[in-house]
Protein chains: 2
Amino acid sequence: MNIHKLDKYAKSLIKEAARRIKSSFATELIIESKSEANDLVTNIDKETEQFFIRHIKQDFPDHRIFGEEGFGDSLQDLKGFVWMLDPIDGTMNFIHQKKNFAISLGIYKDGVGILGYIYNVMDDDLISASLGEGAFFNDIRIPEVKQAIVEQSIIGINASWVVPNKYIEHEGMGKLLQTVRGTRSYGSAAIEISYVVTGKLDAYISMRLSPWDIAGGMVIAKEVGAIVTNLSNEPINLLQQNTFIISKPGLHKELITNYIRLK
Amino acid sequence: MNIHKLDKYAKSLIKEAARRIKSSFATELIIESKSEANDLVTNIDKETEQFFIRHIKQDFPDHRIFGEEGFGDSLQDLKGFVWMLDPIDGTMNFIHQKKNFAISLGIYKDGVGILGYIYNVMDDDLISASLGEGAFFNDIRIPEVKQAIVEQSIIGINASWVVPNKYIEHEGMGKLLQTVRGTRSYGSAAIEISYVVTGKLDAYISMRLSPWDIAGGMVIAKEVGAIVTNLSNEPINLLQQNTFIISKPGLHKELITNYIRLK
């Protein structure tokens, strides 16, 4: 498998999927709830995943697909080529804002991320990375992320995690709030990860993300020197949901050590 | 004073100021702290305000300017024409992200908002409104905001206001977090207001905003039927700092009545 060819193929699928998503704004959106009342999915999420699967299965029949909407394969391992896809990351933004959502895609070979993409559809900004070959914002090479200290940091974190909740001790999060320069919340893991790898945020923390939310971002993170772990400072397991932090290097240790206490 | 001419003039000043801000990215940014450690200001904030003042004072010598950086007039009343200007709303985003900041401008005559502007500089999106003549997103008329219910709402609110703080009872904010569909935080009052008037957020709440943060947005809000008050449900006083809510109509009453308790 030629990685450059696969990269070109993946980019063309992403751009075509984005064109279809944009054109869907003219038609009616059918909104359903998934497991929780506010875990929304639309016909466009589903159609976009099916679009990817149709093409990948035709052109790479031995590749497997692990996708948010569940039309792909059920995975017990990461052997061979696996595409991890969230067709619309930030579905709530897609529905309410018609912007601030992304196509998130990571392509893994035997568990190693080889290609990663986050495409902010409405801004037409594609972040891409190839293992060992760096990361790019559209066609501009993204520099290594810089060091940061917590007092001058802007952290992506949802307000839900600073009040009492079942995942994390909120006292530590409250202390973090009082220490950092600011917090932001954009409602899309892929977009928040894209902000960290391009230096617009210093870290992003979440309590529960699925493999397809983060697989593409993890390939990009590696190429720019951003650290990704779960909130217990362990490697991410791409076969299950994870707690999640992506951060500039020095800051990662400080956040894990001094502020984050899982329940 | 011909309002259409004034509108055209204001828009050309805004666009020229934005061009200067963008070109400043090539030069060194000088960052200072104001009253608080994280209340930042740059040479570009100051130069942009001075650019506006220089032109306004030359072309409209009897107009007064009330601006974030303090180079304008010191106001005891709102008689005559008053320009309320935040040259860069979202300075922290300007510094860290080089995007997600706005020029915010309201022009008031004897205390009545007649022209309002929020210009998202990097997205090149100008929201403008003229009293009684509607509001526009670039050149597209913005429809009236729709009704919303709290359970299906996305609210702009910073995480700082959901933990114990000196302004608002955090229990009510915690209850709100558990009830709404989602929260967002973008780090610029003008941008969050622009999201409410265009239906991307259902409400935005803040504990402390200055007149220049909101004066432009208030003119726009009126034209699309969004409700603006302080958090005690009183009219905004544009000569002082205020607590602030902008919301879709039905939601405004519900938020004020059931969730917001000032200390």
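For all residues, glycine too, the Cβ spot is worked out from N, Cα and C.
Here is what TrEMBL records for this protein:
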- B:E68, B:D86, B:I88, B:D89, B:D213: Mg(2+) binding site (BINDING)
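Features recorded in TrEMBL, as mapped to the structure shown.
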| residue | record | Cβ within 10 Å |
| --- | --- | --- |
| B:E68 | Mg(2+) binding site | 24 |
| B:D86 | Mg(2+) binding site | 31 |
| B:I88 | Mg(2+) binding site | 27 |
| B:D89 | Mg(2+) binding site | 34 |
| B:D213 | Mg(2+) binding site | 26 |
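DSSP assigns B:E68 (Mg(2+) binding site) to coil in the three-state reduction, outside any helix or strand.
Using the Cβ center of B:E68, B:D86, B:I88, B:D89, B:D213 for Mg(2+), the list of other same-chain residues with Cβ within 8 Å runs, in sequence order, B:D45, B:L85, B:P87, B:G90, B:T91, B:A102, B:I103, B:S104, B:A189, B:A190, B:S210, B:W212.
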